[in-house]
Amino acid sequence: MLLLLVLCCLKIGATTKSQTQLLRIGGLFHDTDDEQAFHIAAKMVNRKYPTGPFRLVPESFLVSKHNAFTSYSRTCSFLHKGTVAIFGPSSIHSSSYIQTLLDRKEIPHVETHWDRKLLRHNCLLNLHPHPSILTQAFLDVVHTWNWKNVVLIYDSEESLARMSPFVSSFRRWVTLRRIDLDHFGTYRSSLTSIKMTGATNFIIECSIEVLEEVLKQAQQVGMMTERHNYMITNLDLQTIDLAAFQFSGTNITGFRVVNPEDEFVVGVAEKIYGKSYNGMPPGWRLRLKTALIVDAVDLFYETVLDLTVSEQVVIKGYPLKCNGTTNWRSGHTIVNYMKGKSILGLTGIVHFDVEGFRRDFVLDVLELTTGGLVKAGSWFPNAGITVTRTPPPVIQTEDNSLTNKTFTVITCLTTPYGMLKETTSRLEGNDRFEGFGIDLIDELSKMLGFNYTIIIQEDGYNGNYNFTTNEWNGLIGAIVTGKAELAIADLTVTAERESAVDFTLQFMNLGISILYKKPKPVPPSLFMFVSPFSYTVWILLLVTYFVVSLCFFVMGRLCPSEWTNPYPCIDEPEYLINQFSIRNSLWFTIGSLMQQGTEIAPIGISTRTAAGVWWFFTLIMVSSYTANLAAFLTVETFVTPFSNVKELSEQTEIKYGAKRGGATANFFKNSGNDSVRTKIWSFMATHDNQMTESNDEGVERTKNEHYAFFMESTTIEYVVERQCSLASVGQPLDDKGYAIAMKKNSSYRNDLSAAILKLQETGRISRLKEKWWKEKRGASNCGAQGEESAATPLNLQNVGGVFLVLFLGTVLGFIISVVELGIRVYSKTKGVGCFKTEFKKEMRFFVQFKRNVKDVLRRGSQEGQ
Ligand code: GLU
């Protein structure tokens, strides 16, 4: 009886097995989590339908993101085994590479990654939420949070591409800032410069691998305070550790598609990561792309099941060759059915619109609180955002507003930023001062409605930290101690100062340059006439003269027409003479080179051709010489003892320095590994007498001594406009700016920055600069005389062409002279003698260069000899 039962069970088992169809599915992944998720997903669906007509047989490969070729060859091996669907890879490049093949072979291709250029491919289905809808979600949040300006921080071109629809929609209000690794391998430099803009609303779009580090470094540079608001667009925000920012008071908003607390999600995540993981709960580790793989496999199985059971379609894989012509027949049907099917997966309802894109999904809007990341609301594609918890808005209390407040503004008497008015009448209060900085603060006060009282920093220092007393001096010291609320001058923004005070947006950009005396003109030389040609051209000209003269001599001997009757009154002369002797040839060529001419006139076609070309050559050379000589006589050539900072550091004759304790001196002091800057600083540090108390002192020393002064480019601009004997040498060494300083965490910084931005945009700041640099206080236009173009000798490149023409013309002359001789000999020997013998005789005579008298060649003269 028992045996019968066992046999019966075996039979049922065998029957079921024989009816179960095996469907191979292939996966290409870049990391093991995704690969693991793929296998677990297949196992889950197989378990869900133990008696179903199919069993999925998953097979996968780990492939490199950057090697599309491997993905292609792996796909071929899948197809060869009869695989009926391919999942992945998530690299856009590799995925599109295999797409063409899969379209051709009609094999369903399921993607789960973000793809900006998502197109309807024949056999492609992408489960990732559609980028255009995500953009809508980001815009809705920005509008709900009432952000007027945002800085978009991104880490790669791909990140920027993801956000480009957002940027185009929010164009007027978004500033783009890319963060790159500095030479310490951190993002701190990029983040510090973003911080200096004074912006407080940020959107971060970077890969999840670096996001945590970016946030940590933002915190380190002071960009994670109550004043700062962040929106993080990466849908995996929940998968990183945000504990460090929970108590910072920063408003951090994020999004997610996967609910990490959902039981189903937790169950799957436990299968992928295991329960034993003792850090983050498994559900919180599950990344969107991994969850999408699970949903993709599920969707595929459900579709195939539907097709087989309800539509009675037979689904069966068979081997395909990549380079063969056969394709699978069921691919299109499956993909189309998948697009029409909906399932409830880890990422919510998986559903596609008529175009086959996933536009219908719900996003959880997250907020970071002291208790961690919590759901603050939801976003629906058609209904927009419904916020259940609103992050604390930045409250504009009465106290934060600048209106009707009175500030003490401190400045230094540094030309032209802050100066005493030049007047004979007695002035009081703010009226005593004028300058660029004074005008700027006045403009700001009018815009924002505050009052101000100007006080002066008597020692003229802008701010230097004393490591012994741990105190700041100058303007920064005045702000730190509360002597003044705002400081405006030629106050450079530096990282060191930024740690003690807050700066507004920079109102002026500049770099360090060298102020030195204007280059002196070279005294005129006695041999100035040689200058128009380079030495090479002179030597070549001389050689050409001799060679061409020799050619005339040779050509003259060859050319029969040049042998003429010495006594024109005798009809039949005994002998002939040739005008192109060596002496005459030299004289003929020099005569034309000097534009004088000679009584010698070429007769033969060959000599005339050569003479024509020679005259052309002399015409061009003489004209070039004359034109360039004129340039040399009129343009002064200047000499500078150094033309950049390196050359200055290498010489010892000219001393140099900078303003003591200023940002320029500190730039050299903190020069790190730069050898030139270190050398400059070691000179400055050991020659304290070369450092100055003020810019004015530096300018005076530059004028009167053998001295170069390192100064900021904008101030140099001002000086050279007025001191015509001075000029800026070389390129700026760095790139920085001036800004208004105030106490750390001042509530009015944003308003001041926004007002500065407005003044910049309306051109008001440029106008003020124009006024103080070009119009007021003895501005002249010596800057305009600045650069004069120097005359340079003509070299072979300039005149090489004419030498070539001369060469070709002379060669042509030679050929013609030989032809002329041949014709003459032929005409004299025709019918009465032998051409060859006579020609040889002529040639023999030709090489006897000493003989300059020639017998007359008569018709049939051979016979007579
Ligand atoms: N602008 C500089 C500062 O803020 C002063 C001038 C200089 O160092 O060249 O310290």
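Just so you know, glycine gets a Cβ as well, placed from its N, Cα and C.
T664 is the only one of T652, T664, T762 that TrEMBL places in the L-glutamate site (with T492, R497, E712).
A separation of roughly 18 Å, to the nearest angstrom, links the Cα atoms of E712 (L-glutamate binding site) and C724 (disulfide bond). Ligand 1 lies within reach of T492 from the recorded positions T492, R497, K669, C724, K758, judged by a C-beta closer than 6 angstroms to any of its atoms. Counting residues 6+ beyond its ends, the transmembrane segment (802-823) has Cβ neighbours under 8 Å at 540, 544, 548, 551, 554-555, 558-561, 604-607, 609-610, 612-614, 616-617, 620-621, 796, 839, 842 in the same chain. Taking Cβ pairs closer than 8 Å, the transmembrane segment (535-555) reaches residues 562, 580-582, 585-586, 588-590, 593, 604, 606-607, 610-611, 614, 617, 621, 793-796, 799, 803, 806, 810, 813-814, 817 in its own chain, all 6 or more past its ends. The Cβ of K669 (site 'Interaction with the cone snail toxin Con-ikot-ikot') lies under 8 Å from the Cβ of W681, A685, each of which sits 6+ residues away along the same chain.
Across the structure, K758 (site 'Interaction with the cone snail toxin Con-ikot-ikot') and T492 (L-glutamate binding site) place their CA atoms 21 angstrom apart. Around the Cβ of R497 (L-glutamate binding site), 26 further Cβ atoms fall within 10 Å across all displayed protein chains. Among the binding-site residues T492, R497, T664, none has a Cα sitting within 10 Å of the Cα of C724 (disulfide bond). Of the chain residues outside the L-glutamate site list T492, R497, T664, E712, N462, D490, L491, V493, T494, G662, A663, N666, F667, K736, Y738 have their Cβ within 8 Å of the site's Cβ mean position.
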